[in-house]
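Report on the structure given below.
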């Protein structure tokens with residue numbers, strides 16, 4: 001029980017740091033280095049810092065023995081584990097949300113003029129489809145890498161970071177390309193839009209449905225590949 005409570009607190013802290021890390025990347029790029037928002041150099045610097053940030057958090061997940069800052073990660077583990085695992089992982093999500101809300105509150109108080117979080121610039125159905133497809137791809141990538149690459153932490157992290165960042169770029173001008181409901185709800189709660197159907201459907205319902213679909217698809221693909229491997233072994 002103590003280990004579960006410790007992991008929940010770790011999730012809250014990691015979610016807090018994750019939200020702040022995005023702000024630090026923008027501060028370094030535009031304030032410290034003085035690069036303009038639409039400059040190619042700023043895009044390059046921001047991309048490099050984002051990928052390094054993903055490396056850092058992947059290492060933190062390893063150091064904390066499974067700490068997480070994204071509800072999609074724990075939800076994937078929940079639906080692929082036992083019923084006890086499911087309940088425990090679902091119980092971790094409110095702590096991630098709390099960490100994000102506290103982080104955004106402090107950001108608004110400290111840097112009131114700074115970026116206001118992701119925004120939906122397309123209609124509801126297009127936004128839900130976009131976030132759903134991005135999350136579906138992210139979950140498939142994560143499950144595939146966990147299965148195919150064993151023991152090579154840096155190789156797995158490098159491939160995962162590049163692919164996830166590419167997905168973020170694809171959706172950044174449409175929905176923000178978040179694929180992280182906890183990070184989005186922090187900004188939504190701060191501005192009182194967390195109860196709107198656009199927020200709930202696009203940033204919560206669609207990613208959760210996509211996670212379920214991706215997990216079922218991965219199970220189906222891996223089940224089909226096992227008999228084929230057995231047939232090849234018998235022939236050899």
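Glycine is treated like the rest: Cβ placed from N, Cα and C.
Feature annotations, courtesy of TrEMBL:
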type: TRANSMEM; residues: 12-37; note: transmembrane segment
type: TRANSMEM; residues: 44-61; note: transmembrane segment
type: TRANSMEM; residues: 67-88; note: transmembrane segment
type: TRANSMEM; residues: 165-189; note: transmembrane segment
type: TRANSMEM; residues: 201-222; note: transmembrane segment
**Study point:** Outside the transmembrane segment (44-61), six or more residues from its ends: residues with CB under 8 Å to it
**Key:** 14, 17-18, 21, 25-26, 28-29, 33, 35, 67-69, 153, 157-158, 160-162, 164-165, 168
Check your understanding: Are the transmembrane segment (12-37) and the transmembrane segment (201-222) close enough that 3 or more Cβ pairs fall under 8 Å, when only pairs 6 or more apart in sequence count?
Key -> no
Practice item. Please indicate, using numbers and ranges, the residues of the same chain that are 6 or more beyond the transmembrane segment (165-189) and have a C-beta under 8 Å from a C-beta there. Key: 15, 18-19, 22, 47, 50-51, 54, 69-72, 93, 96-97, 99-104, 116-122, 126-127, 130-131, 134-135, 137-138, 196, 199, 202-204, 207-208
Review point. Do any residues of this chain, six or more beyond the ends of the transmembrane segment (12-37), have a C-beta under 8 angstroms from a C-beta of it, and if so which?
Key: 45-46, 49-50, 53, 56-57, 60-61, 64, 67-70, 95-100, 102-104, 106-107, 111, 114-115, 180, 182-183, 186
